[in-house]
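Asks: The structure that follows is given in the form of structure tokens.
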Amino acid sequence: MVEIIVPILTPFNEKGEIDGEKVKTHVENLLKKGVDIIFVNGTTGVGPALSKDEKRKMLDYVLDVTNKVIFQVGSLNMKEVLELVNYANDRDIIAVASYPPYYFSIPKDFIVKYFKEICSVSKHPVYLYNYPGATGKDIDVNLAKEIGCIKGVKDTNPDFAHTIRYKELGIKTYNGLENLAIASLSILDGTVVGAGNYMPELFSQLREYIKAGDMRKALDLQLKIDEIDGTTIPYGKISSMYYLVKELQGYDVGVPRPPMYPLEENKVKELVEKVRKIWNK
Ligand SMILES: O=C(O)C(=O)C[C@H](O)[C@H](O)CO
């Protein structure tokens, strides 16, 4: 079956520490609502802003509930990357994943070396997290072929034709954009959606409509998802999710951690009212 993957948000308390119980409650609910795999330390989980220790903690909190986990290990510190890969080697997960070294301008053969080094240490399959918009690097199908050991890819990319081409490698292929969920669930191995943190049931329902061949209903639901997802942008997508989980899923997932700042009360009220209006349509 095509998979719904949620890059889980990271629940912080007021002191900026990860709240493990809130992680577990959130994972339990997501699985109940039809989510298949939890992507740990992704963009929505503010992976690049987590310490090595926090990345490990997030993995263990999620593993307390499920082993349907893809563990993102990317970092600009190679020693840390390999320590995280080794940490995962002793645990039962689906795969490790990594975005490429970002910020710095580096030649392609450095990117090949980076992933080959991860593959040489990992006992689990290694997935590519390709997010050109955030990392400034595009590891397309040709470069993935050159790396040679990539067993799956999450391509957060508005260019769906770019994503489809990874299927030439016969690997698990997902697109990471909410507004392409209908295409990802119809053609790829599944979808990776940050908005699945606060509206997992809409993505499960979308998959059901597609499975039933009811594409009119699927399209209408995709447009509703787009409208809700788009509403969060001016407030900060990631920060918004903490309040929308509470509003739409009914439990507390803590607060965002700066520089993903918490929202002012009036902004939360405004956001929730706007989303509720679309949700109740
Ligand atoms: O948060 C992540 O790691 C994702 O892959 C999700 C996408 O990048 C995010 O939903 C894009 O809006």
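Cβ atoms are placed via backbone N, Cα and C, with glycine included.
Not measured: the values here are computed from a predicted model.
The pyruvate binding site feature in TrEMBL is assigned to THR44, VAL192. According to TrEMBL, the feature active site, proton donor/acceptor maps to TYR129. Residues annotated as active site, schiff-base intermediate with substrate in TrEMBL: LYS154.
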Asks: For each of the recorded positions (THR44, TYR129), count the other CB atoms lying within 10 A of its CB, then report the residue with the highest count.
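Replies: Max Cβ neighbours within 10 Å, all protein chains included: TYR129.
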Asks: Sequence gap of 6 or more, C-beta under 8 Å: which same-chain residues meet both conditions with respect to the residue listed as 'active site, schiff-base intermediate with substrate'?
Replies: ILE5, PHE39, ILE70, ALA97, TYR127, LEU128, TYR129, ASN130, TYR174, ASN175, GLY176, VAL192
Asks: Among the recorded positions THR44, TYR129, VAL192, which have a Cβ atom lying under 6 Å from any atom of ligand 1?
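Replies: The qualifying recorded positions are THR44, VAL192.
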